[in-house]
Amino acid sequence: MKRQNVRTLALIMCTFTYLLVGAAVFDALESEEETAERRRLEAKRLELKSKYNLSAESYRELEWVVLKLKPHKAGVQWKFAGSFYFAITVITTIGYGHAAPSTDGGKVFCMVYALLGIPLTLVMFQSLGERINTFVKYLLHRVKKCLGMRRAEVSMANMVTIGFFSCISTLCIGAAAFSYYEHWSFFHAYYYCFITLTTIGFGDYVALQKDEALQNKPQYVAFSFVYILMGLTVIGAFLNLVVLRFMTMNAEDEKRDAEHRALLTRNGQASSVHTADTASSTPARGQGGRSSAGSGGLSCLLPPPHLLREPPAPAAADATTQRATTAGRRWGEASPRQRRGSSAPCREAAPQDTGGN
């Protein structure tokens, strides 16, 4: 199994495990509080109905009116400032839910606007994040060189560390500002900044919704818009580092797999050529020749079959050749005196043989 497939499967399992753990923790933390809050609200509802002698129908109408009035507490939502705020929440996918189009034309335009604006915004933040990371990497490299450090290269760990602390600083600055303008606690303001800049956007805390701030506090409105856009850029730059690291790992694995496949292909071609050369140089003899030629890659590890066969026995020599060979061997082994003694009969026998012929 490829390394990328194993990593993807591990990510899927980790994600679902993370979801299960999160569900269990939220259940343990929020379930009892939700039940208690519901009991308190039900008791308050019965108290109000009894105090003002409201019927069930009248109470439902009053409840509907209160819910409809909630978005209008901040004043007019659909003037230019409020519309710009809403447009930011659409294309950045924050979606607080503090305001929503009520006309059919507004709903259609919202869908088309989001369909075009969300990809554009994602590409913009990705490009800005990449430029910020490049600039920070250049500055850090220059600082290391000025300090005379031997290793002036900027590692991925350096960039991730700087990005992490940049995110923390951005969240703290926003928390301090919104706690001042909205009169929230620092923790709740920090929570609002985190939910906003991660584009979760629950809507339980929404800025610019008190004292008609959209019309009466232009400086605060401008700060909120700039902070949201710049904060999303910083968070996007940090997330870009993490995603870039994962993409780099995948690219490295794909390159390694491609090199491995190319190496296997070259080795397979070389083995095939060697096997073909061995088979062509060996004459096939019956079934043995066919099995030797078809043995595949193992045949290149064995010596040629003609070297494995025993050499044929020498043909039998005729009687005259055998006698001459035996006589020559005896003549070589005889002493000089024996050689002189045996030469005379041979000379005497020669005329007899000639005369007989």
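Each Cβ is built from the backbone N, Cα and C atoms, and glycine gets one as well.
Please treat TrEMBL annotations as automatic predictions, because they have not gone through curation.
Sequence annotations record features per position, and here TrEMBL assigns compositional bias 'Polar residues' to 266-282.
The compositional bias 'Pro residues' annotation in TrEMBL covers 302-314.
Annotated domain 'Potassium channel' per TrEMBL: 66-132 (among others), in sequence order. The helix, strand and coil residue counts that DSSP assigns across the domain 'Potassium channel' (66-132) are 50 helix, 0 strand, 17 coil.
Sequence annotations record features per position, and here TrEMBL assigns domain 'Potassium channel' to 167-243 (among others).
Summarising the annotation, TrEMBL assigns transmembrane segment to 78-99 (among others).
Under the heading transmembrane segment, TrEMBL lists 105-125 (among others). Same-chain residues lying 6+ beyond the ends of the transmembrane segment (105-125) with a Cβ under 8 Å from its Cβ atoms: 87, 90-93, 232-233, 236.
Per TrEMBL, transmembrane segment is recorded for 159-181 (among others).
Proximity of distant same-chain residues to the transmembrane segment (187-208), defined by a Cβ-Cβ separation under 8 Å and at least 6 residues beyond the stretch ends, is recorded for 74, 85, 89, 92-98, 170-172, 174-179, 181, 214, 217, 220-221, 224, 228, 231-232, 234-235. Sequence annotations record features per position, and here TrEMBL assigns transmembrane segment to 187-208 (among others).
What TrEMBL lists as transmembrane segment is 220-247 (among others).
Distant neighbours of the transmembrane segment (220-247): 81, 84-85, 88, 92, 94, 125-126, 128-130, 132-133, 156, 159-160, 163-164, 166-167, 170-171, 173-174, 177, 181, 193, 196-199, 207-208, 213-214; these residues of the same chain sit at least 6 beyond its ends, with a Cβ under 8 Å from one of its Cβ atoms.
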